[in-house]
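Annotated features, as they stand in TrEMBL:
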type: ACT_SITE; residues: B:135; note: active site, proton donor/acceptor
type: ACT_SITE; residues: B:165; note: active site, schiff-base intermediate with substrate
type: BINDING; residues: B:45, B:206; note: pyruvate binding site
């Protein structure tokens, strides 16, 4: 498969912390214009788990209403509650989205693999027809997507199980999944892993920092196997390192705000706090972001 | 304060796994008739995080419509998404409920205490006027309710911060909270802790196994400080021990089903699996529950 960059676009908020669909669309269009292959909105970086089902539907409608091709959108649709997952997945599939990025139900911990298989199966059967991208981010969800679960779901739904986003940060685990499931499009969550991901047969990346550095990451993808690969990898890794040790989502939003010269992008919903613009880390991130073409 | 038993009532499901409000009401009324002081529905044991906001509102409406006094209900209202928490809390408060049992926003981990304080504050301000019971269950939520957070919220909202359910299982931690916040009604999640909880100045218990053993737990509360306390404590502890090592919620539901002679009560929503009725542990739980007056 041709490697791709899908951006987990941030969700901008108005002063009253309602979703700012105008800036959501502006940012999404800027990301695509900068070379992103597509968008993976309403995931972790998008603060989607702080949004109601209605807000997520309206947000996706705004992107579609602005003319963004649904075949370039993989919205997050996995919620704690099965009826919510069904509603969002059906909406995404009926809109013609490339697929639905599904978290496992994430409140209850230590549940059996067979129970998770039931949850995904009922979500898929309840939502209709479309592609599923499984979302493995155990450090947030507390509920891992295991190889056994993937195997069960492929056994039940075949090619509808289209891919997986591996946000675990565990490259050995990602590599094992790519080898075990060659038919799945497996994305890493870090652009630094793109060369290894693609060499192993992976699909590319869906990375938070792509909100700040879409051009650089696209350049790396296009440079794979050429003389420019090393320099491109060094650029994306340098941008990514800026955010290490900072609260990721507020800092990414502060950097986008600096890049666009629009402080509104820095707003976050609780339980996050806005990044302290006077903090040393955020000042570095903002300065570096300002030097990155948006 | 007079010690109390509030029961985190299970949520029965129909064959299609929609909420069975008829059995929900029947079970709730049976619990109150058996001596429970009140109900804490739509919490963890109730599988509330597997229900949509609409299902939770309809479930509470069913209980109220059946004539259950709202002053005896503390429904769970805390969700991952702030708009959902506001909607459920406003509904509970407008219905006259004794209070709202609020989980912290539980998807994002490692968030700052100040961000959690913001989340609770916006939920309370958005919902209107009523009492808040904070819900500390870090092994599920991944987000603890710390003493610093409680102090901040009491500073902002005074007596509206009415209590806390401590499901951590850490008695030393509960005791420290009872001593630090004498104005809070602090409930333990295990009936075995009732004597210690009440002696320290706590409010009683909100325990999953109260779905199976409400009479026994009420008997213990009434026997505190009398010659019958030891035997009553032994009875509730014996029932509770049956569920150790079993998947708690499915086993509680299987035991209720056995008690009521109605297999429908055993249904669970994914990601849970129904308890295996042939399993040794469940057979013991069911046999013991059958011997407990419902």
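Every residue gets a Cβ built from N, Cα and C, even glycine.
Any TrEMBL annotation is an automated prediction that lacks curation.
Distribution of TrEMBL features across the structure.
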residue	record	contacts (Cβ under 8 Å, 6+ apart)
B:45	pyruvate binding site	B:8, B:9, B:10, B:208, B:211, B:248, B:249, B:252
B:135	active site, proton donor/acceptor	B:43, B:76, B:78, B:101, B:102, B:103, B:104, B:141, B:145, B:164, B:165, B:167
B:206	pyruvate binding site	B:5, B:6, B:7, B:8, B:40, B:43, B:74, B:165, B:187, B:188, B:189
Coarse DSSP state, helix versus strand versus coil, of residue B:135 (active site, proton donor/acceptor): strand
Residue B:165 (active site, schiff-base intermediate with substrate) CB neighbourhood, other CB atoms within 10 A: 30
